[in-house]
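Sequence annotations record features per position, and here TrEMBL assigns domain 'Manganese/iron superoxide dismutase N-terminal' to 35-115. Among the features that TrEMBL reports, Mn(2+) binding site is placed at HIS60, HIS108, ASP197, HIS201. According to TrEMBL, the domain 'Manganese/iron superoxide dismutase C-terminal' annotation covers 127-228.
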Amino acid sequence: MALGAVSRRGLAGLSRNSGGLGLGLGLVTVRGLKTFTLPDLSYDYGELEPYISGEIMQLHHQKHHQTYVTNFNKALEHLDQAMAKGHSPTIVKLQSAIKFNGGGHINHSVFWKNLTPVREGGGEPPKDSLARAVENQFGSLDSLIQKVNVEGAALQGSGWVWLALDKDQKRLSIETTFNQDPLVAKGSSYVPLLGIDVWEHAYYLQYKNVRPDYLKNIWKVINWKYASDVYEKECP
């Protein structure tokens, strides 16, 4: 069976509730310790083609995101043990693993919601208040997309480019984060509306090292409805 035809379901069969930052991060309790699970996607891996291949989507979700979840849970378990023992050096040492893997889980959980098949509205422009905010601040949606693509292409190494809402300023902002740093690491007032993964694992099998082509095409499957819903909720 071709990878693109495989369903997104089957790996994360545990029951889960919406946890952590309201992003549907998947939180369950095992042996009294809360752990995170890989979230299901609302579409099958091949449904974003031809813009993102089913092979990339399956590997990205089942392998890369799952690895962040697994290592995040391991780090949290070790932290729980170190806290119980009051072992400060271990507690401090674990912070980088928690930030990296926890950030990877948070970021990817947003990323999957930022995508949707064309037949379900992928690529359709934002409406209502978010559309007005985009026009007021950037002049047009095309101008915003161009600025995001420039920032994403210029980001050295691995990381993310975001369309964020600064709740304190009630303004949109284009931000970048390195590695798997979540947007909240730049400030608690920042809310991710859209996040685009510019790690090579998100595009290399299809676009090789031409990141600008990936950035150009991903907008065809961007879920602006999700972004608009978050904007309406956070900036009524």
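Every residue gets a Cβ built from N, Cα and C, even glycine.
In the predicted model, residues of the domain 'Manganese/iron superoxide dismutase C-terminal' (127-228) average a pLDDT of 97. Applying DSSP to the domain 'Manganese/iron superoxide dismutase N-terminal' (35-115) sorts its residues as follows: 61 helix, 3 strand, 17 coil.
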